[in-house]
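See below for the structure under consideration.
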Amino acid sequence: MKTAVRKAQAELEKRKRKKRRREGDLDHVNNISKAQSQDILVLEEKQPKKKKGDKGDSGSQKDYPRGWLIKTLCKTFWQNLLLSVLFKVVHDVIVFVSPQLLKLLIAFVSDEESFTWQGYMYAILLFLSALIQSLCLQQYFSLCFQLGIQVRASLIAAIYKKSLTMSGATRKESTVGETVNLMSADAQRFMDMANFVHQLWSSPLQIILSIVFLWGELGPSVLAGLAVMVLLIPINAFLVAKSKTIQVRNMKNKDERMKIMSEILNGIKILKLFAWEPSFEKRVNEIRARELKNLLNFSYLQSVSVFVFTCAPFLVSLASFAVYVLVDENNILDAEKAFTAISLFNVLRFPMAMLPMVLSSLVQTNVSTVRLERYLGGEDLDTSELVGDLGVLMPSCLCSVNLDITPGSLVAVVGAVGSGKSSLVSAMLGEMEHIKGHINIQGSLAYVPQQAWIQNATLKDNILFGSELDETRYQQVIKACALLPDLELLPAGDQTEIGEKGINLSGGQKQRVSLARAVYSNADIYVLDDPLSAVDAHVGKYLFKHVLGPKGLLKNKTRILVTHSISFLPQVDNIVVMVAGAVTEQGSYGTLLANRGAFAQFLNLYGRQEKDASEKNTTGTGNKMGLCVCLGDMKNLALSGSDANGGSHEPYPEPLKNVKGQKLIEKEAVETGKVKFSMYLRYLRAVGLWYSFWVAMGYVGQYVAFVGTNLWLSAWTDDAQRYLNETYPLEQRDLRIGVFGALGVSQGECGSTGVGHSYWASRVMHQQLLSNILRVPMSFYDTTPTGRIVNRFAKDIFTIDETIPMSFRSWLSCLMGIISTLLMITLATPFFALIIIPLGIFYYFVLRFYVSTSRQLRRLDSVTRSPIYSHFGETVSGLSVIRAYGHQARFLKQNEITMDINQKSVYSWIISNRWLAIRLEFVGSLVVFFSALLAVISKGTLEGGIVGLSVSSALNVTQTLNWLVRTSSELETNIVAVERVHEYTKAPWVTEKRPPRGWPSKGEIRFVDYKVRYRPELELVLQGITCNIGSTEKVGVVGRTGAGKSSLTNCLFRVLEAAGGMILIDEVDITTIGLHDLRRNLTIIPQDPVLFTGTLRMNLDPFDQYTDEEVWKALELAHLKTFVQDLPGRLLYVVSEGGENLSVGQRQLVCLARALLRKAKILILDEATAAVDLETDHLIQTTIRSEFADCTVLTIAHRLHTIMDSDRVMVLQAGRIVEFDSPEELLRKPGVFSMMAKDAGITNTETTTL
């Protein structure tokens, strides 16, 4: 497999190079020489040049390398293709032996004189040809399916590999959702196509052969039948084209829906806190409605094509026979001719049915090919600017930056929000599009991003990040990064599994793990993007001292530190000041102060206390300092720094004795055993029971007509015996033709009812799933990976939309087909009824045995598939980190391993299918054998017509038997989707008891012995809290990490439900009212600023409740007005996925504007100012003080100075309130608070004003 991928990619490269030479793309040629001189950050030397799109010339989005994918795949898998062609040819030839044998058999029965042994020989030959046919066919299928899974695997691997080397521009073109779709839907399409690809030549071959044989039977009248076929082709073509356009439209809708869904799931916490679910539910439902409209049109088209299809084979035989008897009076339709012709027409049915299917599948694969080629042929990350010696670099948002950083120095980069600090870092990592200039980096890199990226693995694996374990160094790193206390708090120490996106760590812990990873990697150059912003001040001080500073672990490495914290600046070797994307000044602390430039003013504003402090001790304590403990001995440092802990991700309050809660993410439940009948009922109920009944009746009608047609034909052929030497009466002839025609058309009519019934089911099921997902409690998201939920919305909904209706239809028609065939054989030779019984029993056991295996294997397949997607999503979100560390190879390997696990279950499933088919076709061959044998035995009593009918039906039954099992198992495996969609349960948004209007008017909060825990099996986080907070009071909440600060806010919003006690707001118990009534009336400025794709205005006011003036007013108060006025589109400026086109500080301000718009009586600040520089922080504080003067404000603080002017301060410790009084009182008496204040250099309340 891997060689296949490599081969494919090498092929590709060759073709690209040729193409580039042809187009003489000069730009690339220039780059090559540079790129080869020093390819530092790239995995393989050639990689950046591989699959290079030819965007250089036109620059239009349409221009991407085309047409290479299919060729590459063919070249890779030619042996498989060749072998399957061989088997298919043998099979196709043997197919035509049976009709000839049938002809001989009918002749034998009609002929009184013939010898009995001939009959037995014919019967045995029929049996043998059927057997050989089935063996060849199964070999062929087995090869095809293997090809399918190999193609899928190579495509997924290629997509994954590409995602690791993509340039920023290409990455922006396709969102994570779209890429995951490429992996799930498009690679799957290729897999399905590979199974049928040989039909493209085999169908025409079979059609030509059958026509040749038919000509032998019926002469030129076959042309009439052919004409009908040819006429059907344009009709089909039209239907295919129409359905293609619908498909393409629907892919767009599906992409859009998946994009919103993955955003909703990523920002679910915010949606819940702001009670915004209805707005987003509406958005998803609008897209879904468009999707369903297309689906409905699609199913109408399908019903037309079903009608055309059911009629096709029959119209062909009608036309041929009618013309045959009408042309010449001497042409009499006898049994030999009619039934040989009929069995040949039956052979024709399959290729004629397959051809349009293969064509439409080809069309879909074509759509996928275009998408894949565009993605795989996109620009790669060009690392060629990282070359040569010290140079200049100019990305678009930085203007001529000249930097020369001496090895082993510590360089600080400072500047206001949005001045280009993070861009500078990206540029160093080669993530920015460079316009001119270059960077020279000598040595390996380690990178700590501003928002920590944590993998879903154990804590230890996150730190080791694929390196070897060196125990002493590991312990040293953990100690230096202040992680020891956290390890004690986590349920299983460093073996604790960390959820997706580090969900069960607090922000400070995430940041420190991220830092520990960098330190452990032992690189030469450290690029640190503000790693200290997320941790408590004293922890910051500790980290600086032990890791970053002149005496830290990294003292001999080159360190580039982006920071907002002034206190460390006196100790760095060099300071770079950035303003609006340019470096305004650089030099040591002393020099910059002496220059009296922008930096000196900046310091004068914020650094007054710092100077006093830094005279007292060298580690300048600054106003960035939060709660501190004596740093004297390590044991006291039990606080770890929860800062950005998103709510429920506070560390557990104390180490648990047994390792409960070590596994955070539950394994995906795999249903076992038979699919419950209730699932089918549930689906049919969603369709509508009446409707389902009529559909079934339609199918019964179709097959009644089918049996009628055949019996009529048999009677018609027996006329040949009756009027042996007389002239054939004309009215008899016309009657025969007329009734035959009428029966056939009614067959088609009945068949095409009942399409489009699936529309209702799709609608109902998606609606239920969506509303359940949005109403489920927060703890569900902590234990369920988003990949799994996305899988529900992508794969399972797709199954309900498109696969289940098809399965239901084919199952019904197979079942009716088999029943009608057995009926006809039994009519001919009643003894056959005895043989049906043992065959039926055998068939049933094979079926049960197979279906249960197959179902389990299919379930395993879908369960092992989710990890491929979640691993991929994780990779894409941590791309810059993976690239900076150069760990692409390891992630590729990981991806291959997850894929192999999935391939195993798919492969076993395919082989089990073949096992089954061989056994079933054996049953089919026996049916043929016995129907022939019985005909031979009861030779004297039978008419030729009825024998022909019996054996030709039997020849047809093999395939139908096979399909019945296939479709019933398919139906069972697909109905699992219904089962999975129904797994989730919900909590009500609005209960019967509504709070009074204008509640809460006063904003009083009362806790009464309140207790809470995160999950039932864990300990209490808050252990009986009782306190009163008066109206409009400003309360600060402080405490060490894990004391339960964030849990307090989660309880107010009922993100966590009480384990005991209650909370009253204005005398209303919050558990008695609906969640939305509660959450709409509180406001929070959360820690992680989350924004959604959409306009800026939608992010502030998703329900359009406020006027534009109010929105501008809020923006002005949040100090964003000038920024927004300069944006293209102003309020309608489109925010990209996750708000990536705004800096973290700006996102925080947007969240502030959100709160200002809402203006509820109670405001909760969850350390809202961690990611902002001091200036902005100051602005936010002043705004909050003035604007929320008449509200109750709870501030959860990490920097003590933010809460020194509160009315009262609540000090939490281990989930209990230890002190609760005004800050002056608390400072006066010795206690926890005064200790903290002392450490933060705060002696009285006045000094803290800025």
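Here the Cβ of each residue, glycine as well, is placed from N, Cα and C on the backbone.
Annotation comment: TrEMBL describes 1-62 as region 'Disordered'.
According to TrEMBL, the feature compositional bias 'Polar residues' maps to 30-39.
What TrEMBL records for 81-99 (among others) is transmembrane segment. Residues 74, 126, 129-130, 132-133, 136-137, 139-140, 143-144, 147, 198, 201-202, 205-206, 209-210, 213, 340, 343-344, 347, 955 of the same chain lie 6 or more positions beyond the ends of the transmembrane segment (81-99) yet place their CB under 8 Å from a CB of it.
Look at TrEMBL and you will find 119-137 (among others) tagged as transmembrane segment.
Here TrEMBL flags 196-216 (among others) as transmembrane segment. Distant neighbours of the transmembrane segment (196-216): 84-85, 88-89, 92-93, 95-96, 99-100, 140, 144, 147, 222, 225-226, 320, 341, 344-345, 347-348, 350-352, 354-355, 357-358, 361-362; these residues of the same chain sit at least 6 beyond its ends, with a Cβ under 8 Å from one of its Cβ atoms.
Per TrEMBL, the feature transmembrane segment maps to 222-240 (among others).
Per TrEMBL, the feature transmembrane segment maps to 300-327 (among others). A Cβ distance under 8 Å defines the sequence-distant neighbours of the transmembrane segment (300-327), meaning residues of its chain 6+ beyond its ends; these are 214, 218-219, 221-222, 224-229, 232, 235-236, 239, 242-243, 246, 333, 338, 341-342, 345-346, 348-349, 352-353, 356, 702, 709, 728, 733, 737, 740-741, 744-745, 747-749, 751-753, 755-756, 809.
Listed as Cβ neighbours of the transmembrane segment (339-359) (distance under 8 Å, sequence separation of 6 or more from its ends, same chain) are residues 95-96, 98-100, 102-103, 106, 196-197, 199-200, 202-207, 210, 213-214, 217-218, 225, 229, 236, 239-240, 305, 309, 312-313, 316-317, 320-321, 713, 717, 945, 948-949, 951-952, 955-956, 959. Feature annotation from TrEMBL assigns transmembrane segment to 339-359 (among others).
TrEMBL lists 689-713 (among others) with the feature transmembrane segment.
Annotation source TrEMBL lists transmembrane segment at 831-851 (among others). Same-chain neighbours of the transmembrane segment (831-851): 822, 825, 912, 915-916, 919-920, 923, 926-927, 930-931, 934, 938, 950, 961, 965, 968-969, 972, counting only residues six or more beyond its ends whose CB sits under 8 Å from a CB of the stretch.
What TrEMBL lists as transmembrane segment is 916-937 (among others).
Looking at 119-137, 222-240, 689-713, the range that has the most CB pairs within less than 8 A of the transmembrane segment (916-937) turns out to be 119-137.
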